[in-house]
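Chemist: The structure's right below; bear with me while I get my questions together.
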Amino acid sequence: MWNKNRLTQMLSIEYPIIQAGMAGSTTPKLVASVSNSGGLGTIGAGYFNTQQLEDEIDYVRQLTSNSFGVNVFVPSQQSYTSSQIENMNAWLKPYRRALHLEEPVVKITEEQQFKCHIDTIIKKQVPVCCFTFGIPNESIIKRLKEANIKLIGTATSVDEAIANEKAGMDAIVAQGSEAGGHRGSFLKPKNQLPMVGTISLVPQIVDVVSIPVIAAGGIMDGRGVLASIVLGAEGVQMGTAFLTSQDSNASELLRDAIINSKETDTVVTKAFSGKLARGINNRFIEEMSQYEGDIPDYPIQNELTSSIRKAAANIGDKELTHMWSGQSPRLATTHPANTIMSNIINQINQIMQYK
């Protein structure tokens, strides 16, 4: 059976389909619906404070008794100068003026927030913890393992996958360059972040690690799931496929933008957050490409553009807000998450039946 392997056994799920933990876009209903359908629903905790994460976990548990996960951002060393922030604020001033916004006060609480998230995940006995932007330190991994929590890392290159396995991850998401949203890269060969496609990345990682590999990037339906399995993956992680679902927290602006976009409409940019992320191209990205200074690293740039993005989204201006999307938007639907899951499973079974 295509759905019975080490990953499904490890995560206590029926189907090796993971809903990506998209920060700001998951809801308890989405997470629970995927888990109730036999996959692994994942809370995107990247922008939550401690109370928000606790409430989200409790709400998910009211809706499902099945396994689920929490995705957290691993803090990185911020590299920035006061002049970088001043120059960026000057550049962003016209946008803020047009939207009647004040200049924000940048608050960096990433490290403390991450530690609180780990404490909450252990306290609440969340079955699975997923990491983006790097690998946590040895003591955190030890604490999570002692609590019998399964750990999933993210890799955008073979070297990152090897580092994840060496650190003690139980499985690895191989994130291809087709993936929407933030790149999970954390190793920089020759100062260039990896941009390897899913079909190239997955088998190369599979060949060098012994733990289960989860394919991600551009996978939207049963065909993508089966193709990933043929490449050696034992599961898939899908983001955009669930982002446009009725059950996600995506705005109608974002949902409509993805549904009506083409495979050539997305670009990879640092403009909004300071980390590379794939989204639908717009005026803000185009104009930021003309910025001659250094864009401050995440989370600085994320803080500096936050109010602009929120205000633009609130008035339906898709030109000044981020619209994360993978490279397969033509395959997106607005179905409920359980319908998306059943359609994927039915499509796989039909393909298997006729091959």
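Glycine is treated like the rest: Cβ placed from N, Cα and C.
Feature table excerpt (Swiss-Prot):
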- Asn71, Gln175, Gly180, Gly218, Gln237, Met238, Gly239, Thr240: FMN binding site (BINDING)
Chemist: Secondary structure at Gly239 (FMN binding site) (DSSP, helix/strand/coil)?
Modeler: coil
Chemist: I want to verify one value. Collapsing DSSP to three states, which class is Gln175 (FMN binding site)?
Modeler: strand
Chemist: Please find which two of Asn71, Gln175, Gly180, Gly218, Gln237, Met238, Gly239, Thr240 have the most distant C-alpha atoms, given that the record lists them as binding FMN, and give only that distance in angstrom, rounded to a whole number.
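Modeler: Greatest Cα separation within the listed binding residues comes to 19 Å.
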Chemist: For Gly239 (FMN binding site), what is the tally of other C-beta atoms lying within 10 angstroms of its C-beta?
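Modeler: For Gly239 (FMN binding site), the count of other Cβ atoms within 10 Å is 27.
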Chemist: Do any residues at least six apart in sequence from Gln237 (FMN binding site), in the same chain, have a Cβ closer than 8 Å to its Cβ, and if so which, in order?
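Modeler: Result: Ile18, Gln19, Ala20, Val173, Gln175, Ile214, Ala215, Ala216, Ile219.
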Chemist: Looking only at DSSP and grouping its letters into three states, which state does Asn71 (FMN binding site) belong to?
Modeler: strand
